[in-house]
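Asker: Structure incoming, see below.
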Amino acid sequence: MKQELKIPQATTKRLPLYYRFIQNFAQEGMERISSKELSEAMKIDSATIRRDFSYFGALGKKGYGYDVQHLLQFFSQTLDQHETTKVALIGVGNLGSALLKYNFQKNHNTHIVVAFDSKAPKDGKMISNIPVFHPDLLEEKYAEYGAELAILTVSPRSAQKMADRLAAMNAKGILNFTPERLTVPDSMQLLTIDLSVELQALIYLIRNQEV
C-alpha cells in the first residue's frame, strides 16, 4: 500500500477488510452500496466508515452512496493488489507451521516464499511446499527468494536479535507474533500481535459485561 497519504493506523488496518467485503458485494452483482449497508455487513459504525473513506477524498456521492466497481478498483490500487508481496517466516513451531499450511490462500498477492527454523538442516527441507532453512542462512536466502517482509514466530528471547538482523538487511517490515516489544528503525514498519494480550482483553470485556 502506498504511503503518500498519512492516515491513522486504525484506519489502515480496516482497509483490507473493506476490500474483502467490497469484493463480496461485487461478486453478488451489486452496483452501488450505502455506508449503512456496508456498516451492517461489516459490523462497523457507518460514521467510522465515512470518516475512513474521507481520508481518500470523494469516494461516494451524497444520496447515491458508493459505486461498488469504483471502490473495488480504488482499494485494489491502494492496497497494491496487482503486486505480489513475498514474505519470509522465521520460526516454524506450532503457529509457524499453521501459517505455512495456510499461506494466505485468500490473499492472492501475499505469499510465504521461504521460512527459517533452528531445527532445519543446513541444506534445508520442505514443509507445505515451502523451503525451510536454518537461521544461519537468513541473510542469504532472504535475498535469494526476494522476501520484502518477515513474520516472527520465534521465542521471545530470539525476537530482538532476529529483528536486528532483518533491519540490517533493510527488510521493509515485521509482523511480530511474539510478546517481545521490539525496537526497529523508523524506516521499518512493525506490527505486533500478542495473542495472550488479545485473549486477556476479551476475557476482561466478557467479565465486565456480566457485571
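In case you wondered, yes, glycine gets a Cβ from its N, Cα and C as well.
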Asker: Can you identify, from 17-56, 57-96, the stretch that Swiss-Prot calls DNA-binding region?
Answerer: 17-56
Asker: For the DNA-binding region (17-56), provide the mean pLDDT of the predicted model.
Answerer: 91
Asker: I'd like to know which of the binding-site residues Val92, Leu95 has the most other Cβ atoms within 10 Å of its Cβ.
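Answerer: The residue with the most neighbouring Cβ atoms within 10 Å is Val92.
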Asker: According to DSSP, which of helix, strand or coil covers Gly91 (NAD(+) binding site)?
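Answerer: For Gly91 (NAD(+) binding site) - judged by DSSP and reduced to three states - the answer is coil.
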